[in-house]
Amino acid sequence: MSGQEQEFDVVVLGAGSTGENVADVVVRGGLSAALVEAELVGGECSYWACMPSKALLRGTEVLTAARAVDGARQAVTGEQDVAATLARRDSFTHGWDDSSQAEWVDGAGIALLRGTGRLDGERTVVVTGTGGTTTRLTARHAVAVCTGSEAAVPPIEGLPGIDPWTPRDATSAKEAPGRLLVVGGGYVGCEMATAWQALGARVTLVQRGDRLLEEMEPEAGDAVAAALRDRGVDVRLRTDVLAARRDGGEVVLQCTGGELRGDEVLVAVGRQARTADAGLGTVGLTPGEYLDVDDSLQVRGLPWLYGVGDVNGRRQLTHMGKYQARQAGAAIVARARGEQVSTADWSPTAATADRRATPSVVFTEPQVASVGLTRARAAKAGVPHRVVVYPIGSVAGASLHADGYTGTAVAVVDAEREVLLGVTFVGPGVAELLHAATVAVVGEVPIARLWHAVPAYPTMSEIWLRLLETYRG
Ligand SMILES: Cc1cc2nc3c(=O)[nH]c(=O)nc-3n(C[C@H](O)[C@H](O)[C@H](O)COP(=O)(O)OP(=O)(O)OC[C@H]3O[C@@H](n4cnc5c(N)ncnc54)[C@H](O)[C@@H]3O)c2cc1C
Ligand SMILES: NC(=O)c1ccc[n+]([C@@H]2O[C@H](COP(=O)([O-])OP(=O)(O)OC[C@H]3O[C@@H](n4cnc5c(N)ncnc54)[C@H](O)[C@@H]3O)[C@@H](O)[C@H]2O)c1
């Protein structure tokens, strides 16, 4: 046991994509920073989430795209190589070795401390390293908690006892299970059902609600459910899992509507804050809860403490955690210099896009790319709005992209201000259409001006013109 003490301007707890960026921004702003990590530098996104899941999906996407173009289709004579797909996935996780990311941290002038960090009163973090060594860190200006989230465990009788797959298992598995049961029809459930069905598993997807991807426009969940069924996935909507057990080598889910049997079960029903063991109790907060923060990511009532990324529950996406890191980092630097920090919408120290313009892509086949408000959210917020829907397949660029292209664009327009509140694209290859929509929503570009943003012919972006024409009527 050693009892080292060190002082930094800023202490960042958790070196996921969010924590790395908070530390980088404050160091670039002239402050010193310590970054504390209990597992792998890079966090969920690099090793168990975005990167491995998208690597698993990419080969299937390429094959689907080739098979959708006559002339190319004839060249696709074999099946997807599962071993090569898994090996490519492993190359993206560097075999779950974080040395290259640790090198980046070092090169960025950030002090990396390996171990579990826990708050221990105001501006203090105690790091317990392997072997029980402890280091007490004091932060002159701020502590940023960036400890992320972990899979939520639903209260299903018998579930903990059957050792279900978490999203971590689904993204790092070394082989396809014969039969995979997936509980939860959100981002993870839909993406992993797509991936593992393509890699040889027979997948059953169980969703409690009426639709998959229920927070999105209904066109999204309906299209993804239809495509999954086409690929052989057994999609069960309005189905509750009542109990789980193992029967020999099989997992058995007792559901409304009958029993399901499989070789593995993936539970993907959302996330919970990773704050149970971060010392929250020592500063008057409740362990296990999300951190309640303002738009500068400052924890309400504790001006020296910030909660950034998944841990605040605002938006659980890598790019939004990194955006929050930029805004929070700027706020920390400004406050350290004694400057006033604005949390007004769109200021350099406010994470306004969390509320107004969050982009996301679900990498299923078809893809779902969305930003801003859905029609349901606009209605809930009481914003007078008009909804414009257009089939993407009618656009020349889409018909060239894939034979028989099927997709839908949905735009939600503020009926009084005539600016876009939100846009959703559903269809193959729509991910790259999204940033134009994000710029239009964030910039609050008037519809009258959007007419001057002329899409090149023949690209899928011509969908913009069709949406404008439909809006004009
Ligand atoms: C299967 C899956 C796929 C996803 N795909 C996408 C995608 O394609 N695109 C996208 O934008 N988002 C995706 N996400 C969401 C994305 O992974 C998260 O939003 C992102 O990883 C959050 O980053 P973070 O840094 O806030 O948290 P994390 O990545 O969870 O990092 C937190 C870090 O803190 C460390 N830590 C925790 N407690 C302590 C402690 N007490 N002391 C020291 N260290 C600690 C952890 O070990 C971890 O490294 C996906 C999520 C899942 C589950
Ligand atoms: N491509 C991406 O950007 C991407 C990919 C994966 C995950 N993520 C992030 O990770 C988060 C977590 O993903 P997730 O899929 O775990 O959560 P989610 O919130 O997206 O979806 C969970 C789904 O599970 C359903 N559900 C809840 N309890 C259930 C039960 N007992 N039985 C059956 N269904 C049940 C819910 O109705 C919901 O549809 C996402 O919200 C997203 O922020 C992003």
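The first residue you see is number 1, and the count goes up from there.
For all residues, glycine too, the Cβ spot is worked out from N, Cα and C.
TrEMBL lists 8-324 with the feature domain 'FAD/NAD(P)-binding'. Averaged across the domain 'FAD/NAD(P)-binding' (8-324), pLDDT for the predicted model comes to 98.
Look at Cys45 (disulfide bond): DSSP puts it in a helix. The annotation disulfide bond is assigned in TrEMBL to Cys45-Cys50.
Secondary structure at Thr147 (FAD binding site), taken from DSSP and collapsed to helix, strand or coil, is coil. Take the CB of Thr147 (FAD binding site) and look out to 10 A: across all protein chains shown you find 32 other CB atoms. Under the heading FAD binding site, TrEMBL lists Lys54, Gly117, Thr147, Gly148, Ser149, Asp310.
A 10 Å cutoff on Cβ-Cβ distances gives Cys190 (NAD(+) binding site) a total of 30 other Cβ atoms nearby, all chains included. Positions annotated as NAD(+) binding site by TrEMBL: Gly184, Gly185, Gly186, Tyr187, Val188, Gly189, Cys190, Glu191, Gly270.
For 358-464, the entry in TrEMBL reads domain 'Pyridine nucleotide-disulphide oxidoreductase dimerisation'.
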Run through the Cβ atoms and count how many others sit within 10 Å of the one on Gly184 (NAD(+) binding site).
25
Per the record, NAD(+) is bound by Gly184, Gly185, Gly186, Tyr187, Val188, Gly189, Cys190, Glu191, Gly270: how many Å separate the farthest pair of Cα atoms?
14
Could you check which of the binding-site residues Gly148, Gly184, Val188, Asp310 have their CB within less than 6 A of ligand 2?
Gly184, Val188
Fewest neighbouring Cβ atoms within 10 Å: which of the binding-site residues Gly117, Gly186, Gly270?
Gly270
Starting from the NAD(+) site formed by Gly184, Gly185, Gly186, Tyr187, Val188, Gly189, Cys190, Glu191, Gly270, give every other residue of that chain whose CB sits within 8 Å of the mean position of their CB atoms, in sequence order.
Val182, Met192, Leu212, Leu213, Ala268, Val269
Compare the Cα of Thr147 (FAD binding site) against each of the recorded positions Cys50, Gly184, Gly186, Cys190 and report the nearest.
Cys50
Measuring Cα to Cα, tell me the gap between Lys54 (FAD binding site) and Cys45 (disulfide bond) in whole angstrom.
10
Ligand 1: which of the recorded positions Cys45, Gly148, Gly270 have a Cβ closer than 6 angstroms to it?
Cys45, Gly148
